[in-house]
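> To start, I am sharing the structure in question, which I have written as structure tokens.
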């Protein structure tokens, strides 16, 4: 485990983007596992800036996203497909057919979970997985006490997660209560993992995740066992 302390959010974003860009430059057809939420936005902005300067080419890159709300159309402004399009995909030259986000609208959600796992396997696995961390230690939408051995599955969102996401909706009652997410097992199978955390409110959970016991009550704690984990954090 490598822990990097950033001096600011912009420094965190540059450092994270540098790791991602190095992965793409060294292996243009890399499979990137991508995350949503407020923390990765600066990282994506930095990647877009470097792309516009001609420093990085995404034309052969493949992306797989961690999760999606159940019941939201891809065109819904709160869907994670929409988030990725607006914050990254439409600003770079990654082919749309190379971008994968699980569907929250599939008629058979269990089949969608199995198909998403098969997709990742057929792509040869994830080369670099980007992660944020929730206040309760969730990664993806793997809530506390979810089994570590799960692959892609449907989850009922915890109260703290719903409250945290309510700021993106006009009313807390509009926040979806279920999501499809890559499981802990799926995440741990990535060749490299990059965890980013920003803000003083993330300090306690990062300490629990990285230095506390490995337990399903803190989902991110399993990352202690990953053979190639980099953590970039800024608690300012």
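Including glycine, each Cβ sits where the backbone N, Cα and C put it.
Sharing the features that Swiss-Prot gives for it:
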- 67: active site, proton acceptor (ACT_SITE)
- 136: active site, for ring-opening step (ACT_SITE)
- 138: active site, proton acceptor (ACT_SITE)
- 143: active site, for ring-opening step (ACT_SITE)
> Same-chain residues six or more away whose CB lies under 8 A from the CB of residue 138 (active site, proton acceptor)?
144, 158, 161, 219, 220
> Within 10 Å of the Cβ of residue 136 (active site, for ring-opening step), how many other Cβ atoms can be counted across all chains shown?
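Around the Cβ of residue 136 (active site, for ring-opening step), 18 other Cβ atoms lie within 10 Å.
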> By a simple count, how many Cβ atoms lie within 10 Å of the Cβ of residue 143 (active site, for ring-opening step), its own Cβ left out?
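There are 22 of them.
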> Validating a neighbour-count step here. Other CB atoms within 10 A of the CB of residue 67 (active site, proton acceptor): how many?
21
